[in-house]
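Note sheet for the following structure.
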Amino acid sequence: MSISDNSRDQLGELPAGRPLQSDFDNDLDYPRLGSVTFRRGTLTENQQTMWDEKWPELGRVLEDELIDVDAWFGREGAKTIVEIGSGTGTSTAAMAPLEADTNIVAVELYKPGLAKLMGSVVRGEIDNVRMVRGDGIEVLNRMFADGSLDGIRVYFPDPWPKARHNKRRIIQSGPLNLFAKKLKPGGVLHVATDHADYAEWINELVEVEPLLEYKGWPWEECPQLTDRQVITKFEGKGLEKDHVINEYLWQKVQN
């Protein structure tokens, strides 16, 4: 499936309307977003100035073209981790300096969130973070080759708490299969949620994907950084309501 007119009036803009959704040729469950539209937001003047200057270097928009990660980061052979739904990038910017040997790609729909992360990256002189604006499932499916990623992170995804909206949750059998395909053997999937019902939902799915071996939490021998370093905005709101943070780790089975 190709994306139609990809022209943009401004850097990093997405087409209006509903997000693009791939049709997968299997019987697994994938998020069906229905009436959800792209979130649009206004940047401050300073954010817009930085965006115009830095986006061509640091950012991309969802497209039907595989990313050449080595070329984008300017180095060969480094590990690559994709964070789905990076929000304002609080965890991203805190973790990246501690894993300087790893390429971090933050995927987010909300432009002001990416702009805030960009500000943290530029001010902190963090050189191992890049950004893609788009839906996480589509970005993974269209822009990363199978078996190319060392890690995938999904921190505090939208819980879609109403029963009729559960089908929109990103943690389902289909995405778990997609994550497994994109990970290298030995690659790690890390998920965190503070929503009790979503945690129960995930608990029912931890062994649904045969290519992912569930490691539980914590996993002391995990080959990647799992300490998120800071409390994100959404995590903080959950803690204020006495929510329990549930975390999950899987490793793609070795060949």
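Heads up, the Cβ atoms here are built off N, Cα and C, so glycines get one too.
Within ASP52, ASP64, ASP127, ASP135, the residue that Swiss-Prot lists together with GLU83, GLU108, ASP158 for binding S-adenosyl-L-methionine is ASP135. The region 'Disordered' annotation in Swiss-Prot falls on one of the ranges 1-25, 26-50, namely 1-25. Spanning the residues GLU83, GLU108, ASP135, ASP158 that the record associates with binding S-adenosyl-L-methionine, the maximal Cα-Cα distance equals 14 Å.
With all protein chains in the displayed structure included, the most crowded Cβ environment within 10 Å among the binding-site residues GLU83, ASP194, LYS233, GLU235 is that of GLU83. Using Cα positions, the member of the binding-site residues GLU83, THR232, GLU235 nearest to ASP158 (active site) is identified as GLU235.
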